[in-house]
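Engineer: In case it helps, Swiss-Prot gives these features for our protein:
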type	residues	note
CARBOHYD	Asn49	N-linked glycosylation site
CARBOHYD	Asn101	N-linked glycosylation site
CARBOHYD	Asn148	N-linked glycosylation site
CARBOHYD	Asn221	N-linked glycosylation site
CARBOHYD	Asn278	N-linked glycosylation site
CARBOHYD	Asn309	N-linked glycosylation site
CARBOHYD	Asn342	N-linked glycosylation site
CARBOHYD	Asn464	N-linked glycosylation site
CARBOHYD	Asn526	N-linked glycosylation site
CARBOHYD	Asn575	N-linked glycosylation site
CARBOHYD	Asn681	N-linked glycosylation site
CARBOHYD	Asn731	N-linked glycosylation site
SIGNAL	1-18	signal peptide
Amino acid sequence: MRWSFLTVLLWLVSLTGAENGFNGWLRYAPVQCDKRCQRALPSSIVTLNSTDSGPIGTASQELQAGLENIVGKQLSIKRSSCGSRSSILVATLEQYRQACNRSSEVPSLGIDGFWLRAYGDTVQIVGENERGALYGAFEYLSLLAQGNFSHVDYTTSAHAPVRWVNQWDNMDGSIERGYAGPSIFFEDGHIVEDLSRVKQYARLLASIRINGVIVNNVNANATLLTSQNMDGLARIANVFRPYGIQIGISLNFASPDTLGGLGTYDPLDPSVISWWANITDSLYDRVPDMAGYLVKASSEGQPGPDTYNRTLAEGANVFAKALQPHGGILMFRTFVYDHHINESIWTNDRANAQVDFFKELDGQFEDNVILQIKYGPIDFQVREPVSPLFANLYKTNMAIELQVTQEYLGQQDHLVYLSPLWKELLDFDLRVDHQPSLVRDIVSGQRFDRQLGGWAAVVNVGTNTTWLGSHLAMSNLYAYGRLAWSPTDDSQGILQDWIRLTFGRDQNVLDTITDMSMASWPAYENYTGNLGIQTLTDILYTHYGPNPASQDNNGWGQWTRADHDTIGMDRTVKNGTGNAGQYPAEIAQVYEDLDSTPDDLLLWFHHVPYTHRLHSGKTVIQHFYDAHYDGAETAHRFLSQWESLKGRIDQQRYNEVLSRLVYQAGHSLVWRDAINNFYWNMSGISDEKNRVGHHPWRVEAESMTLDGYEPYTVSPFETASNYKAVVTTSNSTTGTAQTKLQFPSGTYDLGVNYYDMYGGKSEWTVYVNDRVVGQWEGNSENTLGHTPSIYIDGHSATRITFRGVEIENGDQLKIVGVPDGVEPAPLDYVVLLPPDVVD
């Protein structure tokens, strides 16, 4: 589709308007380029034998709009011979060879690859296909947007053919594990009418070389397959197609029964086979280039072939065969496990499930099936070993499943740059058959000579202008695309490209955000879960705040087996679940032995006393205490680092990021204290540094003089400072808590830890004597993206801080809380800190 001049103009205006995150890394902010600089750049864009509606047409429009915004130069678009001077030539490899007679100078190109040669005013962008040419155009614009006008001449091709993103969007417009607003695809059971945001999403994805999008939740609703909704899918596909992106959909295994009325969904039943073939034909009639299907079956209550005693391979192949006439791919998730297993049986282990279910099926899947394997054996934890399934399938296509949306990792309200986590997994050598077997080479198909393979990431963008709910979280989407294309790229290098494109080329900005981001995963691991114990979040509720007790005493299998004396899963072959033995011999030997197991996976593979000494010399329990304090201190440092950038970043994005970092600093303390108090209480072993349970700068709310407030026993107990909070005596009673301050006179940062529950917007006012020093409203459901909580717990716990408060010894501190809805203006404690002290 050809963009009108007005459309291009409006788009350019949008780029120069408010910096709200909508443009992501495609801001194309102006860089310094005087008239001499402009004369040295191309004057036109030449396309060879292409239509306006394809990716090359899109490339020409992107180049035209991008160069005008970046360097202020207007380029015409024309179709002519390859000999045009002062031009950007955009073509496929075949077009270039036919039109230019220069076959000898063209390098070889692999999957979706491109050749970019730029010498001043002469630029050649040649793609292995139209998609590759579009990627080359985005690459050239990325260089210019970062101020790089140097001569370049290189080729690059995709690491793997499949580079998809998954959206867990529901038909009602909600998004499972989405933290950035409603779906851009669905509402009220149908496809939305306005797909303008989908177009911008397509631009962002194409610029990082994503070639497929699964648009709906893996916990799929069969109503997506109605005629009306299939027509809607065609509209979505029409938006993505000019950007070289194919759409696919998730399927509900039981659809032949629930939607088709067959009374069965047995994958070997002829009527079921016919039903899926007909549905697939109908979809391809509407979307001829549909990428294929994604299926979650026999997992977490989702229907599957086990209902009829059929194998998972038989279940997958019914879809694969329906897709084969159309060239479609089936992505079949290996996230299959029993969530009712008995913890009292020492050898039970959810981590064994993927190999147990799929190893014996190797070679039984159709050639267009790719098994989509989560990076670890459990579920997107802050640290897991690589899934052993990658080492157990020789004759089956594989893809790695990552998660851009931060389900267990702070839900975009905590800064966590994920590329270093992913790189550690991708670079891991599984040593299959004692041969080099890097995970990245397994999923590409290279290691086992498979033709299909690749990448999937659960992204879950929403209608929030930042796409993911947080400006800084977009670094993870950018990094995913870069790694899916070239997994040998450096995490810091990827990050710095993103920073320059997103925030500009100010060196202070670059250095500061680099330092913050590269420290963020270790910090989050430190204050949420160490030594391979998993993310100690509430696995039964929000997957957000701390609740280590929720890991155990249930059938979900994310156990820690912590008791008074010991902690950790014994996954050895000798004494435990045998999970270590699922790895190839060289790796199994490392994990089987307590001494050779890396400290950061110790509690994943071994059950040890709290007093066990790590390679560092610390005991397990002291490492827990120290790491949680270190992590929280790092989160507080992020705040001061960001504040140093004031005036260097536009005000809107500066303030929005600042708000999240203020919250993260406070919530990291909730995490720190909850985990430390939990294990101190369980083990009875004190912190050698006497920090845990000792907070001399705090005043507990329940110790204050209360009027209209009453003490409340918090559950989990560890999510309140002294295991208690105060709440108003009724939802219509204003509460007052006051105390005489016994601190030396001076200037303090006054913090209040409270609970911001879903279902109410309480108001609080803090007084020193009769002077108001702070007021706020509990409205985090409007300002933050994490899954809210209706309880007083570690999800709703938070802190607000008022800086530079003058205090005299003996001053009267008073907090007045006005409840609202179900929220009884809950308070935990007040803290008065000298500047730069973290309590």
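The count begins at 1 with the first shown residue.
Each residue, glycine too, has its Cβ placed from N, Cα and C.
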Engineer: Please report how many Å separate the Cα atom of Asn575 (N-linked glycosylation site) from that of Asn49 (N-linked glycosylation site), as a whole number.
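Structural biologist: Asn575 (N-linked glycosylation site) to Asn49 (N-linked glycosylation site), Cα-Cα distance: 67 Å.
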Engineer: By the DSSP assignment reduced to helix, strand and coil, which category contains Asn221 (N-linked glycosylation site)?
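Structural biologist: It is coil.
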Engineer: By the DSSP assignment reduced to helix, strand and coil, which category contains Asn526 (N-linked glycosylation site)?
Structural biologist: helix
Engineer: Let's check the environment of Asn342 (N-linked glycosylation site): how many other CB atoms sit within 10 Å of its CB?
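Structural biologist: Taking every protein chain into account, the count is 9.
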Engineer: Checking the glycosylation sites Asn49, Asn101, Asn221, Asn309, which are within 10 Å of Asn731 (N-linked glycosylation site) at the Cα level?
Structural biologist: none
Engineer: Return only the integer: C-alpha distance in Å from Asn49 (N-linked glycosylation site) to Asn278 (N-linked glycosylation site).
Structural biologist: 36
Engineer: Which residue, out of the glycosylation sites Asn49, Asn148, Asn309, Asn575, Asn681, shows the minimum number of other Cβ atoms inside 10 Å of its Cβ in this structure?
Structural biologist: Asn309
Engineer: Please identify, among the glycosylation sites Asn309, Asn464, Asn526, the one with the smallest Cα-Cα distance to Asn342 (N-linked glycosylation site).
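Structural biologist: Checking each of Asn309, Asn464, Asn526 against Asn342 (N-linked glycosylation site), the shortest Cα distance is to Asn309.
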Engineer: Of the glycosylation sites Asn101, Asn278, Asn309, Asn464, Asn681, which sits closest to Asn526 (N-linked glycosylation site) by Cα distance?
Structural biologist: Asn681
Engineer: Based on Cα distances to Asn221 (N-linked glycosylation site), point out the closest of the glycosylation sites Asn101, Asn464, Asn681.
Structural biologist: Asn464
Engineer: With Asn278 (N-linked glycosylation site) as the reference Cα, tell me which of the glycosylation sites Asn101, Asn148, Asn309, Asn464, Asn681 is the closest one.
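Structural biologist: Closest candidate to Asn278 (N-linked glycosylation site), judged by Cα separation, is Asn309.
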Engineer: In sequence order, which residues at least six apart in the same chain have a CB under 8 Å from the CB of Asn101 (N-linked glycosylation site)?
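Structural biologist: Looking at Cβ-Cβ distances below 8 Å from Asn101 (N-linked glycosylation site), excluding near sequence neighbours, one finds none.
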